[in-house]
Amino acid sequence: MDVTVRRAPKGLRGTITLPADKSISHRSVMLAALAQGKSRVKNFLRARDTLATVRCVRALGVNIMDNGEDLIIEGRGLGGFLQPEDILDCENSGTTMRLMSGTLSACSFFSVLTGDSSLRSRPMARVVEPLRLMGARIDGRDGGRLAPLAIRGGNLKGIDYTLPVPSAQVKSAVLLAGLGVEGETVVREKVPSRDHTERMLAGMGAEIFAENGVIRLQPGRELEPFDMSVPADISSAAFWIVAATLVPESEVLIPGVGVNPTRSGVLRVLASMGARIELQNQRVVGGEPVADIRVVSAGNLIGTTVAGEIVPSLIDEIPVLAVAMAMARGESVVRDASELRVKETDRILAVCTCLRRLGVEVEETEDGFYVRGQGRLTGAKVDSYGDHRIAMAMGIAGLVAEGETIVKGAEAVNISYPGFWAELARFAGR
Ligand SMILES: O=C(O)C1=C[C@@H](OP(=O)(O)O)[C@@H](O)[C@H](O)C1
Ligand SMILES: C=C(OP(=O)(O)O)C(=O)O
């Protein structure tokens, strides 16, 4: 599907209601399934990735009811899953495949995880290696580097594992497997990655402690069910924060957004470029920091550097940050972000190709790119490459580009934000 976006004729104004956090939605279902008793999840994200997780978890014998408002999940307790009758399809979702591989490694039965062509090309050795060290028998294409992955789990032992790449998915896979082992599991991370799994497990009564990048999990305790409300997704908020910053005379309020510091690097970077972002009504909901975000447009953004420790806290926001960089004055640099090459598409290549088509001078590097911001974009036809974040970043570029921007493969937004184009239509020119 192609979507045509015209420059916003006036500022974005009013309240923007966002879809729920994707990372927390995935975890809410997987962890509730492991609890002893019934959990309720309010404001669950109903998008392609998280619905793939629901289907996989149901295939393990878990009763999940969707009453149109909440999900009710009847946990089967640790060790209570049933062997799935068929292969489990994680579709386009890296989080589903990597976290499920951890859970399934703790189960003493045979299971197979597969996904779409994008997911089958993404690196899985990063989870297969530690899970094999714990004792899981995992096979896959290319020696287990690529899905499909066939898993025979059970009889695991705890490990002390230092993450070779900063990845919350790998950390979570090891911790989920660690719930079903003998002995302690330790995960060490040199750079902090999103910590939703640790927060949720602690809230469920697990013996888990995190300090200075060292996470220790003692197995044995049954997990308590929970009643939670998923906050709005800061990764989805980022598109409107950039849009409201760039389109003159904008003023928007985005209520109830998760602002966990391991996720909110995008706010710090935009502020350093001159964006006017205010966090209001800061509170804690279900163990996660939440705030209402108010954004007022800011002229004359300045270029910036994104590198080092901040990268994992904004990794999914880099495509839309690149649009802000193109609209800023001066050079911006993204470094230390080679992980972008192994997302739903190669996002370094995709961002550089799209921005070039919109008339921006960019230079691609191994682990990032340079953008020479001129404060303007020219509409053109760009491809999403089947990647939701690229599709949405290009939609936002269309709101500020001169003329018309056509986004090919626009349906990719359904992965994390099914209502994105309807929301954008409120603001775009006709
Ligand atoms: O754990 C998660 O929910 C996620 C972790 C990140 O991936 P990595 O763990 O590969 O960095 C992120 O890019 C992805 O969108 C969601
Ligand atoms: C990389 C992403 O997700 P996943 O790894 O779950 O496919 C994303 O949502 O940007």
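For all residues, glycine too, the Cβ spot is worked out from N, Cα and C.
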TODO: Out of ASP142, ASP316, ASP367, which one does TrEMBL list together with LYS22, SER23, ARG27, SER167, GLN169, LYS343 for 3-phosphoshikimate?
DONE: ASP316
TODO: Rank the binding-site residues SER23, SER167 by the number of other Cβ atoms within 10 Å of each Cβ, and give the residue at the low end.
DONE: SER167
- [ ] Look at each of the binding-site residues, ARG27, LYS343, ARG347, and point out the one with the fewest other Cβ atoms around it within 10 Å.
- [x] LYS343
- [ ] Between ARG347 (phosphoenolpyruvate binding site) and SER23 (3-phosphoshikimate binding site), find the distance joining the two CA atoms and give it rounded to the nearest Å.
- [x] 19
TODO: Sort the binding-site residues GLY94, ARG122, ARG389 by C-alpha distance from SER167 (3-phosphoshikimate binding site) and give me just the closest.
DONE: GLY94
TODO: Select the closest residue to GLY94 (phosphoenolpyruvate binding site) from the following binding-site residues, measuring between CA atoms: SER23, ARG27, LYS343.
DONE: LYS343
Open item on the list: With every protein chain in view, what's the tally of Cβ atoms within 10 Å of the Cβ of ARG389 (phosphoenolpyruvate binding site), excluding that atom itself?
Closed with: 30
